[in-house]
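Asks: Questions regarding the structure given below will be posed in turn.
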Amino acid sequence: MIRMTKRKILVTSALPYANAGLHLGHMLEQIQTDIWVRFQKMRGHECYYVCADDTHGAPIMLAAEKRGITPEQLVNEVRELHVADSQGFLIGHDNYYSTNSPENKALAEQVYLALKADDKIACRTIEQLFDPEKQMFLPDRFVKGECPKCSAKDQYGDNCEVCGATYAPTELKNPYSAVSGAKPVLKTSEHFFFRLGECADFLKAWTSGASRRADGAVQPHLQPESLNKMNEWIGGGLQDWDISRDAPYFGFEIPGAPGKYFYVWLDAPIGYMASFKNLCERLNLNFDEWFAKDSQTEMYHFIGKDILYFHALFWPAMLNYSGLRAPTGVFAHGFLTVDGQKMSKSRGTFIQAKSYLDCGLNPEWMRYYIAAKLNGRIEDIDLNLNDFVARVNSDLVGKFVNIASRSAGFIAKRFDGMLAAQVSDGEILAKLQAAAEELAAAYEAREYAKALRDVMALADIVNGYVDANKPWELAKQEGQDARLQDVCTVLVNAFRLLAIYLKPVLPKLAEGVEAFLDVAPLSWHDAETLLLGKKINAYQHLMQRIDPALIDKLIEANKQNMQAIQDAPAAAAHEPLAETIKIDDFAKVDLRVGKVLECNFVEGSDKLLQFKVDLGFETRNIFSGIRKAYQEPEKLVGRHVIVVANLAERKMRFGVSQGMIVCASGVDDSEGLFLLDVDAGVKPGMRVG
């Protein structure tokens, strides 16, 4: 086996926002990260995994106010939930901290002052929407109104989820405060900006570049899909980044600027550093060795694809121009769907981590299933609940655990727990040992699905050996004791090798294997040796099959009480009626029935679907921002929709949109988006009025 140079590796996953417990979407990322970290530690590298709660911002402040507690009380309460959720799924954080910490305050100020000294901070007067009832400036997401481009109602202050347009909140038509429902007014305020536009040359080089690791391997900073997106954004021109917010705000006050606070996206990524600094103080590590400009250590961020902009542009630029090292790699992943659709509270598929554990499901079942779907690319993965049951029961119980259960008992009963001193069927074990480096390469590249496919293929070979040698029959035959011990020793060693290869994914089960074999914690290099002439303990069953009834219990536990929602009083924040119009104004809008001929995802967009719609007299190409509500676009083919047919064509970067598809939505976007149905017999081109 190849002995690798010891590496020093710092790993993070995205900071969960401190407003609620974790759900399976969070766990996908933490599991992906944890598997990689456990693998690196098994290889003998010095590897640390840190995370923290993202605690600052207006939403935290307002949520605490609503409950009558302080923001500090709220974030401390939620942190306890997050720690319990993570530990329940066997996530091995070396430190789980908070962005509301003295270390983060000091580091945020240090970074800001360094950027200011390098003339990367600008002060400008801006106009911003202000809630006259709450006496506060409104963040973009707390302003709603009509899209200035397509007039879709109930859109956020920064982008339209219907047509995909981006804009300033001041451009919204008929805006209202999502906090109080009041009509906001414009007020001026001085804000601080990070001059991101001046960082384009550095970012072009960094995003397309790579770092050389201590073992000599070259690590690209970004995945190919991420690089393509960054090239698009950099090519379109980078805008300076507003890094300040006005009081009242829960966060850190900017040095020398009373009443001004760091925007959450400035101090949140610095929270990675703060969590690690806190760990360094506890373990007596040299923090500067890891974050100095010329650091030879490695730093990796595991994130969701929706926060790429911050981690692949804003964060490395901020680090570089404050005199610190940039990341070695940013690894983005896709979203989690359940049974082919976005997680849904009403369907019971918005699964909370705590609920999964409380229903009695083994966290290693989910760790294995998610790993079996993950690769190094930015692809959404689907948790198919029927497949989840079938795969775990087949792979982990039927193939893997079955090897030990069919052999270990004979070693205990017939040979007093003693393995044979040598084996005659060494070829099968040599084959398993030879797979170690290829499996290691798959784990290193985050190609977990490939690694687990290969491990299960090896398990199939071992189970073939079981069936060919039938230890239960050997046990009945006189004079076959030596052969029985030989065969069972081969099987116990094969089980041990497979357990080594699965340990990053199944750490608790691996502990059970280590106790059964009476060995020290298994490392990757232990695959080089065999366990011979050693006494082992009696085998204890390591994993149960999934009872499908547990899945039914889980779904029921996560179903939202729809009747309670229907009976609940209306929220204080409501969308005011638009300005009264005359019948002549309405007559200007030409609504037509259309029939969907084609519907596809739009590459490069997380929000849009591309429709080809038959309007009777012609076929139109229409982009619609309803992807999150319709995860299976092929199922919309043949459906009738309502189209604003005389809307001016709009050129988008994906093509020209020739109309708008009408949808229904509530004030709260969590209520969903819904296409409108028409009765049978309708024909494309019919006018709606």
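Glycine residues also receive a Cβ, built from the backbone N, Cα and C atoms like all the rest.
As the structure is a computational prediction, the values presented were derived from the model and not from experiment.
So Swiss-Prot says this about it:
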type	residues	note
MOTIF	16-26	motif ''HIGH' region'
BINDING	Cys147, Cys150, Cys160, Cys163	Zn(2+) binding site
MOTIF	342-346	motif ''KMSKS' region'
BINDING	Lys345	ATP binding site
DOMAIN	585-689	domain 'tRNA-binding'
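Any idea what these are sitting next to in the structure?
Replies: Residues of the same chain lying 6 or more positions beyond the ends of the motif ''HIGH' region' (16-26) and with a Cβ under 8 Å from any Cβ of it are 51, 53-55, 59-60, 63, 74-75, 78-79, 81-82, 85-86, 98, 304, 335-336, 338, 343, 350-354, 356, 366, 383.
Sequence-distant contacts of Cys160 (Zn(2+) binding site), defined by Cβ-Cβ distance under 8 angstroms and a gap of at least six in the same chain, are Cys147, Lys149, Cys150, Ala152, Thr166, Tyr167, Gly625.
With DSSP classes pooled into helix, strand and coil, the tally for the motif ''KMSKS' region' (342-346) is 0 helix, 1 strand, 4 coil.
With DSSP states grouped into helix (H, G, I), strand (E, B) and coil, the domain 'tRNA-binding' (585-689) comes out at 10 helix, 44 strand, 51 coil.
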Asks: Neighbourhood of the Zn(2+) site (Cys147, Cys150, Cys160, Cys163): other residues with Cβ within 8 Å of the Cβ centroid, in order?
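Replies: The surrounding set, listed in chain order, is Pro148, Lys149, Ser151, Ala152, Gln155, Glu161, Val162, Gly164, Ala165, Gly625, Met660.
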Asks: Using all protein chains shown, find which of the binding-site residues Cys147, Cys150, Lys345 scores highest when you count other CB atoms within 10 A of its CB.
Replies: Cys147
Asks: For a quick check of packing: other C-beta atoms within 10 Å of the C-beta of Cys163 (Zn(2+) binding site), how many?
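Replies: Result for Cys163 (Zn(2+) binding site): 23 other Cβ atoms within 10 Å.
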Asks: Work out how many Å separate Cys163 (Zn(2+) binding site) and Lys345 (ATP binding site) at their Cα atoms, rounded off.
Replies: 26
Asks: Could you give me the DSSP helix, strand and coil counts for the motif ''HIGH' region' (16-26)?
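Replies: So the motif ''HIGH' region' (16-26) is made up of 3 helix, 2 strand, 6 coil.
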Asks: Calculate the per-residue pLDDT averaged over the motif ''HIGH' region' (16-26) and state the result as an integer.
Replies: 95
